Amino acid sequence: MKAGDEKKFSRAECLQILNLPDDALENLMETAYSLRTKYKGNRVSIQILTNVRSGNCTQNCAYCAQSRDSKAPIEKYRSVSDEKLDSNNNLVNEFHLSRHCIGLSGMGFTDKEIENLAERIARMKKSGTHICCSIGFLTEHQARVLKAAGLDRINHNLNTSRRFYPEICSTHTYERRIQNIQMLQRVGFEICCGGIIGMGESKEDVVDMLLDLVAINPESVPINFLLPVKGTRLAERDVSNLTFEYCMKILCLARLLLPKSDIRCAAGREVYFKGHEKELFKVVDSVFASGYLTEGGQSLSETFKTIENAGFTWFVESADP
Ligand code: SF4
């Protein structure tokens, strides 16, 4: 395939891409770069994350420090202070970042909790911030309450393939996630949906997850590379297969399959792509700054520098891109 071509890929072709020899990576990246430039120009979207509700989750996702089985020493609280929420929201506007992402641990919410959240979202939307909320399963009524409050986007990840899902979580199903996403699309939300690489899945699992993402066609696709967290079931997971080359092939494949979506290198960026930032931004157009829900990350100012040094821009003219 030559740079500039766009085509549909079969499962076998996707696997071929992940199995390419490392010396074919440069060509693959050039193809991805032409699509990145065509649809996303030269800009990198920067998101910052606020953990609105932390820990004490009823679910048992193996990678997650907030899960019911996790012994990770994280801060746990029912609701972040307005002060913290508003100061992060102001940061997004002050620095002309792309988006404020807010995350809530847990899978089920009462209507009262959703109404409270909607009030906080409506307050933040007054300043025009583009807001994405990472949240569990909502009823359609709850989704409509958040939509009416002005929430733009919802993050609900697939995380891995349908086949591998029971290996990482047994308290809810992959199918329930798909149904939740379909309901959110019906209600009219933009969707952020991606996965985690390095949990013990095969290359076939990675391809199957990406092909399910093609069917969903999310506006944003966060690809996380596992950071094994002490106290979680995956604390000792061997991540030696997460070489720069393998991780990059996955991001390139995501770009080829979903050329118009934001492809975000999320957790793991600072570890697995260290020293390769120029190549990274040729393929992805979206990152988090200032850390992840329970893990630290590159500061905002360092992220600006990294993007600019790689020859890309991040500044958003209006507060609502
Ligand atoms: S990923 Fe979400 S649902 Fe799963 S354990 Fe963590 S907070 Fe709970």
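Including glycine, each Cβ sits where the backbone N, Cα and C put it.
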Of Cys57, Cys61, Cys192, which one shares the [2Fe-2S] cluster site with Cys101, Cys132, Arg264 in TrEMBL? Cys192
In the predicted model, what is the mean pLDDT computed over the domain 'Radical SAM core' (40-269)? 94
Which residues does Cys192 ([2Fe-2S] cluster binding site) neighbour through Cβ under 8 Å, counting only same-chain ones at least six apart? Cys132, Ser134, Arg153, Ile154, Asn155, His156, Pro218, Glu219, Ser220, Val221, Pro222
Select the most exposed residue of Cys57, Cys61, where exposure means the fewest other Cβ atoms within 10 Å, treating these as the binding-site residues. Cys57
Setting Cys57, Cys61, Cys64 aside, what same-chain residues sit with their Cβ within 8 Å of the center of the Cβ atoms that define the [4Fe-4S] cluster site, listed in sequence order? Gln59, Asn60, Tyr63, Ala65, Gln66, Ser67, Arg68, Ser70, Ser105, Cys169
